[in-house]
Every structure is written in structure tokens, then in C-alpha cells.
Amino acid sequence: MNGHLEAEEQQDQRPDQELTGSWGHGPRSTLVRAKAMAPPPPPLAASTPLLHGEFGSYPARGPRFALTLTSQALHIQRLRPKPEARPRGGLVPLAEVSGCCTLRSRSPSDSAAYFCIYTYPRGRRGARRRATRTFRADGAATYEENRAEAQRWATALTCLLRGLPLPGDGEITPDLLPRPPRLLLLVNPFGGRGLAWQWCKNHVLPMISEAGLSFNLIQTERQNHARELVQGLSLSEWDGIVTVSGDGLLHEVLNGLLDRPDWEEAVKMPVGILPCGSGNALAGAVNQHGGFEPALGLDLLLNCSLLLCRGGGHPLDLLSVTLASGSRCFSFLSVAWGFVSDVDIQSERFRALGSARFTLGTVLGLATLHTYRGRLSYLPATVEPASPTPAHSLPRAKSELTLTPDPAPPMAHSPLHRSVSDLPLPLPQPALASPGSPEPLPILSLNGGGPELAGDWGGAGDAPLSPDPLLSSPPGSPKAALHSPVSEGAPVIPPSSGLPLPTPDARVGASTCGPPDHLLPPLGTPLPPDWVTLEGDFVLMLAISPSHLGADLVAAPHARFDDGLVHLCWVRSGISRAALLRLFLAMERGSHFSLGCPQLGYAAARAFRLEPLTPRGVLTVDGEQVEYGPLQAQMHPGIGTLLTGPPGCPGREP
């Protein structure tokens, strides 16, 4: 027993393996990234068997199984000691799989090889939980032959997860797999309710390690820290930038990319978002695009992490917003005026509640409902999209209120910008890891780290397993390692990391680069005759790009990431508080346009101008308050790239 425990401990202490993290050798050009992010070939029929075989279990004294791999799932049927008439839990959808690896026994006399899959199925209460399953390849007399069979299955499964084609009649070997992508993770450790770093460490990092992705990680420390970093980033060394926070951090990243002299190349860098903030609108849209049911909190994070592990980019529209002072910024989400922006900014003091702050802010806003006089002008879309009334309403997300964290002790530091620091959680601020860092992240145990499913799912055995040394990146060996925090100074970032050294005079203001707004005349000048103008008293005006205004608010249910449209929604004065509340309740299902509210208006546009005529008010861009006054905006279709998972992956959940 002592030997077994010691072996398991040694397994957890195995050294990091080098993750080069590229989709090919040499610098990463836009062409290389485009090929890597290209949509996969048309999928095979979901029921077409790709592989079939008989395997044992781990430990060896367990039952035996017949495995069948299709393009959508791994089918498992127990053969011995007692065949199953009706297999229970014998279907593992690939939509729930983060990755797989091959393993070998530490016993020299064991000629079997093993492959392990990492899954995140839903439990009885609907929440996801991590589970592993390990299968024993023992049909051949030698370890080399059994290892080849285990690698064949692991390679085929990985190809399906990443949308890579399998050879029709060719041999399936690890050579089919490209080198793993290298991601830069930017984490706001105080995001949302102060859980961002905890969730990143406990859920995100293990999952992307299981997927075999290479990553480096840095925690943001101040306002516009992320913007400064990406402004000087060596883009050729990275295949994607992923923010672990709310919508505000991605706003900084995109504006930093567009503020570079090489913005035309920089804006094509794939970006992703893993929701750990209080405002997770884009993540809600990604979740819906991936086919998952609406979710909040940790469940939404796990859904988006699964999609990130699958890879795959999607064109992303970006809105260029010119403010009254002439400065310009870029939006991927929304421009709001009136009730929505009032709630967003005035609910700041309730940020510790997470997304529930908006519910409370809405109730308080209804109690003091204001109207604003203004003028909205827009250039109608050349081709109008389908009616904004959805064919059917979307299901509501489960409540996040049960995920309230323990209160964190206060920390003595100056307040930071809302997109950088939301709660004073006392956590270290490590710098980005360099290759060969001596302090690796905790290694995942082979058969645990999370709850196991009951029954035939793998458990600890008498002969612990170790990673197959011939595989490029077994799970649990992330390249990212966290340095000790640097006191009172800027983090030391090695030149090999591909990151710029932060400088005090880095530009953090409005963007001076980016595409020209050829549809917009200068602010204050007359608009062309083909524009439509509305003037009057409004309760709110919202210009939104994706479908979601919040993780559980579907403001434009028909919107797509690359439809080239800005979706204008407004509510005129005269609406009652009860009717406005009904609109927002219906927005949780995306059915608010079907209520027939006479004050609710909608238009699809390519550009718009908003001129507030009320002397006081609040304007927000992507949830961030901007200067109050006239503004105008133009949509630039598909100039960005968003990591969303492969098209059509996964199918709508049952």
C-alpha cells in the first residue's frame, strides 16, 4: 500500500514536458494561422464507425469493453464479465471531451498500453463535472504493438476533436497531428466576484492541458495593462490570445491590436474569451453558437473552455465608434444609452454579486425610470435580415445565485479600472512564464482531480500509469509556470516570451489606427439622404453586434458574429415600468420582439449616429463608460477572428 501511494505521488511530480506550441515550425504568419483555423471538412455521418475494437479496463482486473468511435461520440459496451443488454452510460459525446492521451504502466512486466479520455459530462443536477476513463490495449503480445493501437485511437479521437480529417484507408499515426497551438492567456484575477484566478487555476488550466494546448499566462495588474501588452506583442510567436475575465478585458485586447501600426495584420490574430467576469455577453453568444443550453457562472466557463479546446475560428465584426472629441475606439459588443447604460454603470457598487448585479440594478432603475431626448440616425442595411421575432424562444439559463463565494479579506491597494480589478482578492500577481520555468503548475493526477463517475469508470490501480514518452503533450504538463510575484515593480518578462516589456508611456488612449470609416461624414455635418432619422424621447437605445447583451440576455436573437450588421434596438417614452420589466424578462429567452410592444423599435444598419439632446446622461461602449455627447459608428464586417469552436460543434444539447 505504501508503495502504491508513493507511486501516485511520484506521478503527480513528473516534470514538465516541453510544449513548443506551434501549428508548424518557424514564425506564425497570418497564412499559417488562417490554415490552422480553417473550417474542417464536411463531417461524416454521425453513425459511421471509424474505429472498432476490444479493450480492457484499468486496473486490469476490471471488465472488458467493445469500443466504437464515430464522428460524434465514443460508444462503449461492456463485454465481460457480464455483457450489457442495455448499455448504461455507454455513450461519450465528443462535445463533452476536452482531450485524451496514451499511457503506459510503471510495471516493467506489463506489456499493455493505455489511452485515457478526459470528459465533462453533466451530473444529475445539470452541472458539469470532470471524469476520466482509461482503456487497456492488450490484444498484442508486445508493448510496442499495443502502444501503436492505443496511439491509433488517441490520434483518431484528437483529430475529431480538432476538426482534422482522417485518412480514408491510410494508417492513423501521431504524425497526422500538427504541433499544438500556443495561446497567450490574459487573466484578470479580480474579475466578476473575485473568482477569476481560482476558476482559472482549478478549471481552465487543467482543461486546456488535457487538450494538449501550449500556453503562457499573465495576470493583468492595472487599467489597460492588456492593451499595453498586445500593442507590442510579437504576433508571430502566438496562435491566439484568450482573456479569462469579463467582456472588458477583451475590449482592451482588441483595441490594443487595432492601435498597432500593423493593425491590418494584428486584428486577424484569433482571440477567445473564457467568462470569469460579471458581464459575460460575448461568452453567452459563443455558448449559443456552440449549441449548448444557456448557462451562467462556472457552467458557462466549462462550456466555453470545451469549445476552446476544440479550436476553430470564426470571423468577427467590429464596430468603429467615433466620440464627440474625435477620438475613436472599437467595439465587439454594444453601444448603449439610457436605461441599459444607467443600469450598467450604477450597478458597479453591486459587482460582488456577479451577474445578479444587473438584476438588482434593473429593479432599482425601474423605480427611478428616466427618459432622454435625442436623435438617432442610421444607414439601413442593404439587405434586411430575417424578422427579429424568433421562431421559438430560447430556454433560460440556470440561476447563478447559488455560486456565491466566501467573502475575501480586504486588500490595501488603489482601486483599478472595472475591466482590470473588480474585487480586492488577495492573490499573487505572477509574471508570464518563460520556457523551462522551475516552478510548474500542479500536475493533474491521472484518474482524478475531480469526481469520478460510478461504475466502470477508471480508478486507481495497483500499478500506476505514466505518460507515454513518445507523445508530444500528455495532459497535466502545461508549459505555463507561475513565477513568484515581483514586489512593487513591473513583472520581469523574458525576451523569449514574445511579450513587450511594459513601459510607463505606452499608449492607452483612443485608437489612432484601424480601418477608415468610409460610410461616416464628420460629426456635426449633414448626413446623406439615404439615412433614416428618428427624434424624440427615449427610454433606451442599444446598438449591439452579437446576439447577447449578457450571458442570459438575448437582445438580438437573429444576430451572428459575422453578419456585417449593427442591430439597433430602442424603446420610446410612454412605456410603463411593468411593460419594460416584461421586455427584459422575455429577453432572457430572446422572445421580447414577439410581445408586440408598441414602444419597442428595431432596425438593422451598417452605420449610425446618436445625438443626445438631454444635457446629462451615460454612454457606454462594451460596458465601459465613455464621454457623453454625440457619437457615430460604422460596422467593419469580419475583420477580427473569434475562437468559437468548429462550426456546428457541438449539436444542440438534449
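The chain as shown is numbered from 1 upward.
Here the Cβ of each residue, glycine as well, is placed from N, Cα and C on the backbone.
As the structure is a computational prediction, the values presented were derived from the model and not from experiment.
In Swiss-Prot, the entry for phosphoserine among Ser22, Ser419, Ser472 corresponds to Ser419. In summary, of the candidate residues Thr503, Thr614, the record from Swiss-Prot lists phosphothreonine for Thr614, whereas the others have no such entry there. Note: the Cα of Asp247 (substrate binding site) and the Cα of Gly623 (ATP binding site) are spaced 8 Å from each other. Note: the CA-CA distance between Thr220 (ATP binding site) and Gly248 (substrate binding site) rounds to 12 Å. Here the recorded positions are Asn188, Thr220, Gln223, Ser245, Thr614, and the one whose Cβ sees the fewest other Cβ atoms within 10 Å is Thr614. Note on the motif 'Nuclear export signal' (416-425): mean pLDDT across this stretch is 30. Checking each of the recorded positions (Asn188, Gln223, Gly277, Thr614, Gly623) against Ser245 (substrate binding site), the C-alpha distance stays within 10 Å for Asn188, Gly277.
DSSP assigns Gly246 (substrate binding site) to coil, not to a helix or a strand.
Remark: secondary structure over the domain 'DAGKc' (178-325) totals 64 helix, 35 strand, 49 coil, with classes taken from DSSP.
Counting residue by residue with DSSP, the motif 'Nuclear localization signal' (122-130) contains 0 helix, 2 strand, 7 coil.
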